[in-house]
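Engineer: Handing you this structure, nothing more for now.
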Amino acid sequence: MYKQHWSTQHVVRVREMPDAWTAEQVPPRQPTQRGRRWASQRGADIARYLSQRSPAGGWRDRHPWADGYLGTKQPWRSKMQSLCSLPIVRYQEPQEEDGLEDMTQLEDLQEAAVLSNIRTRFERQLIYTYIGSILVSVNPYRLYNIYGTEQVLQYEGRALGENPPHLFAIANVAYSKVMDAKHNQCIIISGESGSGKTEATKLILRYLAAVSQKRSTAPQILEATPLLESFGNAKTVRNDNSSRFGKFVEIFLEDGLICGAITSQYLLEKSRVVFQAKSERNYHIFYEMLAGLPTQQRQRYCLQGAETYYYLNQGGNCEIPGKDDAEDFRRLLNTMEVLSFSVEEQNSIFRILSSVLHPTSTSKNTRYPKGSQAALLGPDSGCGGGGHCIPLPHRVPQTDCQEVATVVSATEIRTVAELLQVSPEGLQKAITFKVTETLREKIFTPLTVESAVDARDAIAKTLYSLLFGWLTDRINKLVYPRQEALSIAILDIYGFEDLNFNSFEQLCINYANEYLQFFFNKIVFQEEQEEYLREQIEWKEIPFSDNQPCIDLISQKPYGILRILDDQSCFPQATDHTFLQKCHYHHGMNPLYTKPKMPLPEFTIKHYAGKVTYQVHKFLDKNYDQVRQDVLDLFISSRTKVVANLFFGHAQVMARQRSLVRRSSTRTRRYKAPTVAARFQQSLLDLVEKMERCNPFFVRCLKPNNKKEPGLFEADVVSSQLRYSGILETIRIRKEGFPIRIPFLVFIDRYRCLVDMWSNVIPNGANCVEMLRNLCPVSPSMYYVGVSKLFLKEQLYQALESKRARAHHLAALTLQRYARTFFIKRRFRSLRRKIVLLQSRARGYLARQRYRRMRHTLIKFRSLVHIYVNRRRYLKRKEDARRRADEEKERMKQELTRREVVDVTHLEIPAELMGLLEAAAAAREVNAGCVVLVPPPALQPDSQLTLPLDINNYPMAKYVRGHFQEPAFGMLTAPLAAPLTRLDEELCHEALGLFQLVGGTAQDPAPRSPARSLPRAGGRTSLSPWQILRFMGDPGLGGPQETLFGNYIVQKGLSAPGLRDELLAQAANQVWRNTNVNNEERGWLLLAACLSAFPPSAAFDKYLLKFVSDYAFAGYKPVCQRKLMHAMARSQLGAAAARAYPPSLLEWTANRKQASMALDLHCFNGDQFSCPVHSWSTGEDLAGDVLKYRYPPDQHPPTQQGEHGAV
């Protein structure tokens, strides 16, 4: 891309920044992106800068680009100027007693010096400190007034280092790099639980939303955060607002403005729904709902105080000092309104939450003591006097009794069933019975008390986790980006945890933190030192703590701890004890793994942050975590839409997983649902893959103390965090190394705006160093020249970026000043001319126009009304005509399609017939108007047709047995091996020849050409039943093509008298027991056409007449009877046995409509008659009928003797 440089008017090449730039490159936003706000927001900075100019020379002497406009070009080395007059403008100069803002400037890189610097700044209420571009944040356990609009404007568009360390500075750097480098960014926030990661995430989101106020999506993204906090955060012993799920938020930017967001959640701690340790709480939403719901709604959901529910009172304290649950619930309702949650959806959410609590209600009306889980379940018989109380899920049962569990509180069951809109009996069975499905039946096995409690807890955890996933998906659908865009991702994942009781969740959480620490080491240490080796820089490798062995211990195949857990979860007989023994067997000699000295169900792992002991109780149950099929079916049938959709979506996910397993497996095997550990490992790998595609920034959060007290700094607590997080090594590599690596060409192109230089400078190390030395005072230790890149210290790079930003800022102001002056002057001159002209003509023009407007207004209005009405009428008529035409076409199409019984379109058609059909399709119907519907004529001949008296003696079955080659009669859909009737050998060969030609069967090894001329009368021809089948079933036949095809078949009968009975027999065979009404109607139409042209033989005529009389299709019975009896009468009179030509258009039309025919007769004297005719009428018959009508029997017609006889 080529641009015209604004100072020297030279064409320079501006290139995109290559991927070789690392996370420490921090290009500021371009002035054009924020030029509209410079004049108002940064005028004070510009004035301060102008007031700081040296009095030794004028502005032109010190201006970096002033000489570029004057004189001739000189060699660039002699023309290069220093820009030391452009200072790095800081928000405030750091005081010595405040400590160092960037710890890479420490002279002594010992732990004590780093700790002292952090402590000094913490005591001065400065909680942020840099390590190059890495931000260290210390949680103050209080809110400082440093996150307002003033701070947003202070850090917006500024380079890193221009202002004191702040979260907004990191957010602005990521934002600027997205806009400048066009590459996705990622901010990784890490630290222990309670170190302030969640608050840091919210502040970064707040900053990004503040700089994107023009889009309506930003407020919705901000409102989604408190909603997810209420449902995903809880109080722990280390943090009053601990995130109990991992969150990866991707903020998508389009032209610098937020256009959408996607939130991914990882491993919600479902066990917290049913168990909390001492001094901990369940998720905030339960307490907020109970405290904030109005009395009427609490009664509707049958809710009581939080202390009455076992799921909420295990920690011993249901309140958090300083937190108003009722007020937070009101804010939550407002958040749901902003996120477009309907009232029905909100009620469904509260129903689900209430149903989770009710099974553990311990109100005063029940007979169980407070703190017991047995509010809903109990054994059939007493168990040592205290058998009604079921042990806690996380405690070992006190007795070995295995009484069958029963429901002792039917009211609670009915309440829960009513809330979830499910069957109470089904819910009771789901809690107290285990369902085993066999091939023939379902076996219900009663559960023990402990198993029933586990079943109840499993339902509660499933309900809550599915609800949380639905909320996340619901928010994502609302703020999902409409198109692909660049993004800034923020990772807020659970911190490292070492609690009094560490279970499966803590193992997964700490494994995730191990992986993030490995990712940090890879970016900061491994890749950076490899870059030094590639660029041949003298470098002494800095050792760092590599935690890859710990990751392998937990997850490496085949014997990692999580891999062993997955294997054990597949065995029905496996227990937590067998899992622990396998871990001891495979890892007992691993230095990072420690077995307990006493035979306790636990093991210890040495993490990067220290040793953690894990209790294996219920490891397998938490890892399996599958919803039983009977529970799934129960809740899918819920009448509450949200509940049914939750479980239906879960069932669909399980079905997709089963299909993927079957599709990927080459042999049949039993489906095994993925475990929680397997899903978590896969999601963690996907997360790391996403972050590797982004440019990462790191925020390391620290806890000043374990007591959550503001202002208290415990040195040993902070020191341990500094050691295991690798901050000391990070400071050392950032201080001794060169975190900024810029290719030579990119360096010259980027900073040529600060000097007056030629555009064709050779991009090498010497020119870059010369340019750098003229830009600012540097020492050899601040840079290093590599093979293809220039390596810079962070401080030097920030100084260069600050100067470049200031230069761009002043250039933009200059351009704005001159542009505004030009536009204002041009506008003034234009306005002055227009005003003078307007004043001279306005009065006269307005006076004339007013009258004209008044006169024409009514006319125009009336015209518009008429046009509108007429156009609406025209469009309506046009639309009606088009609709009727479409309906008629659709009706005809459906009519043709309904005739098809089998697919006959693949059958071949003789070439000559195909040519005739194509000609008929292309030709215009010229005789369509010659056949019209008329009333019955007055001339009616005497009908003397009667059925033979012995007609009942000629059933069709008798003829089939006597004359058919095989005694089978009925519709055929498969090829014939031989004709139906007995024919001469020559006729059989001819009859089957065309079938073999069309069908291509094995009986004809050498098929002949399909081209065959139309048969002539008296010649031999061939007939295929497939022609009849095609005529009856082809949906494409209609109109002239149908008539032509039918006449082609009739002509074959006219040409070969020996095939006439065969043709009539095949037509009768195809209409017998035909299941398709339209197909049968087409067959009777063909039979009527054949009877119009030739009669059956004397041996067949009465059988056919009997068949027609008994089984003719509705309306075709009289038609076929008359035609057949007329033909039989003609044969008895000794007349010609057949006609010479096939039926005419009039006959086809009359046969289709089952109507009689009439002809208009014109006499020489001018008389005109409408005379009835039939297919076997002759001219003599017609003349006789006319004479009988004109001259009754008592009159004689006049005669005239002429040359040719009487007339």
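Cβ atoms are placed via backbone N, Cα and C, with glycine included.
Those TrEMBL annotations? Automatic predictions, nothing curated.
Reproduced below are the annotations present in TrEMBL:
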type	residues	note
DOMAIN	98-805	domain 'Myosin motor'
BINDING	G191, E192, S193, G194, S195, G196, K197, T198	ATP binding site
REGION	684-706	region 'Actin-binding'
COILED	871-898	coiled coil
Engineer: With every protein chain in view, how many other Cβ atoms are within 10 Å of the Cβ of G196 (ATP binding site)?
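Structural biologist: By my count, 25.
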Engineer: Looking only at the region 'Actin-binding' (684-706), what are its DSSP counts of helix, strand and coil residues?
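Structural biologist: Split by secondary structure, the region 'Actin-binding' (684-706) comes out as 9 helix, 8 strand, 6 coil.
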Engineer: Compute the mean position of the Cβ atoms of G191, E192, S193, G194, S195, G196, K197, T198, which form the recorded ATP site, and then list in sequence order the other residues of that chain whose Cβ is within 8 Å of it.
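Structural biologist: Not counting the recorded site residues, we get N139, N239, G495, C701, K703.
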Engineer: Using a 10 Å radius around its CB, how many other CB atoms surround G194 (ATP binding site)?
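Structural biologist: So the number of other Cβ atoms within 10 Å of G194 (ATP binding site) is 23.
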Engineer: Output, ordered by sequence, the same-chain residues six or more apart from K197 (ATP binding site) with a CB under 8 Å from its CB, or 'none'.
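Structural biologist: When sequence neighbours closer than 6 are ignored, K197 (ATP binding site) has I189, S190, G191, S243, D492, I493, G495, C701 within Cβ distance under 8 Å.
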Engineer: Compute the average pLDDT of the predicted model within the coiled coil (871-898).
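Structural biologist: A mean pLDDT of 86 is what the model gives the coiled coil (871-898).
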Engineer: Around S195 (ATP binding site), how many other CB atoms lie within 10 A of its CB?
Structural biologist: 24
Engineer: In the structure shown, which of the binding-site residues S193, T198 has the fewest Cβ neighbours within 10 Å?
Structural biologist: S193
Engineer: Taking only same-chain residues 6+ apart in sequence, whose CB is under 8 Å from that of E192 (ATP binding site), what do you get?
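Structural biologist: Sequence-distant Cβ neighbours: R238, G495, F496, E497, A609, C701, L702, K703, Q721.
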Engineer: What count of other C-beta atoms do you get within 10 angstroms of the C-beta of G191 (ATP binding site), across all chains shown?
Structural biologist: 23
